[in-house]
Amino acid sequence: MSAFLRVENLTHIYPGKIKALESINLEIGEGEVVAVLGRNGSGKTTLVKHFNGLLKPTKGNVWIGDMNAKKHSVAKLSAKVGYVFQNSNHQTFLPSVEQELRYGCENIGLDEETIQERVERVTELFQLEDILETNPFDLNSTQRKEVGMASILAIEPKVIVLDEPTTGQDHAGSERIKEVITMLKEQGHIVILVTHDMQLVGELDCRVVVISNGKKLADGAAREVFKDKAMLKEASLEPPQVMTLAEQLTSFGVNDHVLTVEEMIKEYKRVKKLDINKQLQTS
Amino acid sequence: MNSMYVQGNSFLHQLDPRTKILFVFSIILFVFLFYDPMFQFLVTVSLLPIVFLSGLTTPYLKTVKFMFLLVFLIITVHGLYNPMGDVTKVTWQLTENLSFKHDALIYGAVMSFRILSIGTATLLFVMSTHPSDLANALVKWKVPHAVAFMILSTFQLIPIIGREAKVIMEAQQARCLDVKANMIQRVKHLIPLFAPLFITSFMRVHQMSQVLECRGFSSTGPKTSLREMTIGFRDYAFLTAIALFALAAITLRAVVGGTLLPITDFVLMSALIGIWIVCSIYFFDFLWKSVRKKVV
Amino acid sequence: MKNKLSTLVVAMIPAGIALNWVANSIVEMLKLPLFLNNIGNVLNAIVLGPWWGVATAVLTNLVIGLTTRWTIIPFALVGAVVALLGYWFFKKGFFKSIPKVIAAGAITGVIASALGSAVAVYVFGGFAGAGVDILTAGLVAMGNSIAVSNLIANFPGTFLDKILTFWVVFSILRIFPVRFLPNAKKIQEGLGMNKGKKKDDKAA
Ligand SMILES: Nc1ncnc2c1ncn2[C@@H]1O[C@H](COP(=O)(O)OP(=O)(O)O)[C@@H](O)[C@H]1O
Ligand SMILES: [Mg+2]
């Protein structure tokens, strides 16, 4: 069976002849987490907006399962591809969190029982029990963003697109987003993450797609992609700091296959032990 | 910026906005003084060299388009159907019971050229005046500073709120709001689209009103401005010319009356056919462009 | 307190104008035959006061007139009257239930329609520089007078438009986060909302 989300030779040209994407090919299968990386204006948002039909290809095709994204409305595709916008203020309007969570489900015409079930599920996931009756605008921005994300997840889309989810989030918020992504992956969802947060990418240890000037520069496991320094330079990206640190320390015997702080600590302990052993031997 | 201001360095651009406002008003005065299509036509045509000399020809031609639809309808429909004046005086018999009447055509032509000349003058003003200069000019005219400020910030706000509206439309569609649903559903969709727009605008308003407070907006005392303007020799020369014209026009009106020359059928036919020709040029240009768009 | 209100007004009027302007793009996307370009006037009339609604109306037409089509400037009169009527109906308790709001919108629609036609006939010989002019011309060709043709051509659109303008403002004010409203108490009273319960209202 071919992958659930397929991008075939996608080119997008904005009015004014701005070529934002050029001949992109991409296949993403169930349970995959993919981080889309690239500098500002490289075309990341343009790419992911094709997945729920907010943009239509100038050339090429995008397939969501057996649906050609060209031929379906955003509303229809959004039942399959949930798109979480950067600023949840742009979608929040109902006077209680609960109504916000129900809104998308009501739009796709689910019955009351299913809606309640789903609302309960996302409430638990984001621990929103105490604020269900609150007006979303009385919440802080981290909470409001979570409500926005939860209202999309309640639709239970197969694919979830997160455009810069950790921008402007506090530490706890970022951690929660990381947990949710991991959990969605386990449940077999596809998560597509547009981000500048390299630490998050490292910790997710996920597949990475690098975009530069509308072209796909690299596609592979973060660990491998981040080793291609020439490519990263072309895309103006910096690998996670801890990875750079590990690379600087290879002469001390540190393995440069390190991606997260945790791995670095482990690696440091290993090297330290070796060192002590060596000292013991020589003495 | 949504304003139609076209950057430039022409004579017109360098005039003080106040001079230009007086200029627009004097054009309005001229075209309402007389009820004579020849005169209105002359006023319109005499503005065209100013358009050209100010380097505004292309944007001007683009924007007068919609005025020509208006003018086309006015002169044609009134000429054919307006029962005013002497309906037996026929200028052009089309079919047995369809004809352009003399008196109605005069009305149509006068209206048309009034609209064209006022429109041209206004466009000249708008295209050659930076919005913040306009705001400053209003302040100099003792229009309260707050009003001038409001006009200026409107120009800044419109593109911002426009972008916001676009994002909101996308965000709600991502929550399965169907823009292609039936009419009743779509009417209901007005709320999820307008409500976040209202709310985010209010948030912005609160921030802005706090910022204004902090910067002492509501303090009394004279306000100063970054972009300073002065009325110079140019303005005086221009104003003198306008004043002379106005004087001559008013004298003429007093002596000769509202109609300067006898209005012949030939004049009326030229006005009618002239407007038709310009309209059809625009129309064919439009057709040509849409065909080419389809082909490419 | 007075100063506070004045900076709020200064910030709110441009927002009202921008909303009037942007309404067009929302209506266009939903493919509804409406304008909703008085929405900011009615909102400001209710939230700030009637004369601020009028100011929003006049400045809106001035700004649109100065940027896209100057022929809209005389129609500021219509926008101003809609703002005043919006405030008046709000004061008289017409914003307490949907049927009443629709009735208020309908009456406003009739008045606005008549006024709009009067302006169009008086200033532009029965046309307004909009697409609907073609319909007016057709009606004239069918033997109607110019004033009647303009009225018939414009009435359905204007009538529906004012009803929905009132309905949108009503619906949104009811679900509006209280903390953003400058005089929330008075507005909620005008909307017939339960004063005792502060948090949960039964809107929507
Ligand atoms: N609506 C639009 N109209 C025209 N050009 C656009 C539009 N949106 C984005 N672009 C251009 O397309 C390019 C890619 O933008 P975008 O996909 O938003 O980049 P990223 O999300 O990677 O920052 C940029 O050069 C941007 O200026
Ligand atoms: Mg982006």
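Heads up, the Cβ atoms here are built off N, Cα and C, so glycines get one too.
As the structure is a computational prediction, the values presented were derived from the model and not from experiment.
Copied from TrEMBL, the annotated features are:
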type: TRANSMEM; residues: C:42-64; note: transmembrane segment
type: TRANSMEM; residues: C:71-90; note: transmembrane segment
type: TRANSMEM; residues: C:102-125; note: transmembrane segment
type: TRANSMEM; residues: C:132-153; note: transmembrane segment
type: TRANSMEM; residues: C:159-176; note: transmembrane segment
Chain residues outside the transmembrane segment (C:102-125) and at least six past its termini with a C-beta under 8 angstroms from it: 71, 74-75, 77-78, 81-82, 85-86, 89, 94-95, 146-147, 150-151, 154-155, 158-167
Long-range environment of the transmembrane segment (C:71-90) - Cβ separation under 8 angstroms, sequence gap at least 6: 37-38, 41-42, 44-46, 49-50, 53-54, 56-58, 60-62, 64-65, 104, 107-108, 111-112, 115-116, 119, 123-124, 128-129, 162, 165-166, 169, 190
Long-range Cβ neighbours of the transmembrane segment (C:42-64) (under 8 Å; 6 or more residues past either end): 8-9, 12-13, 16-17, 19-21, 72-73, 75-76, 79-80, 82-84, 86-88, 90, 95, 165-166, 169, 173, 181-183, 187, 190
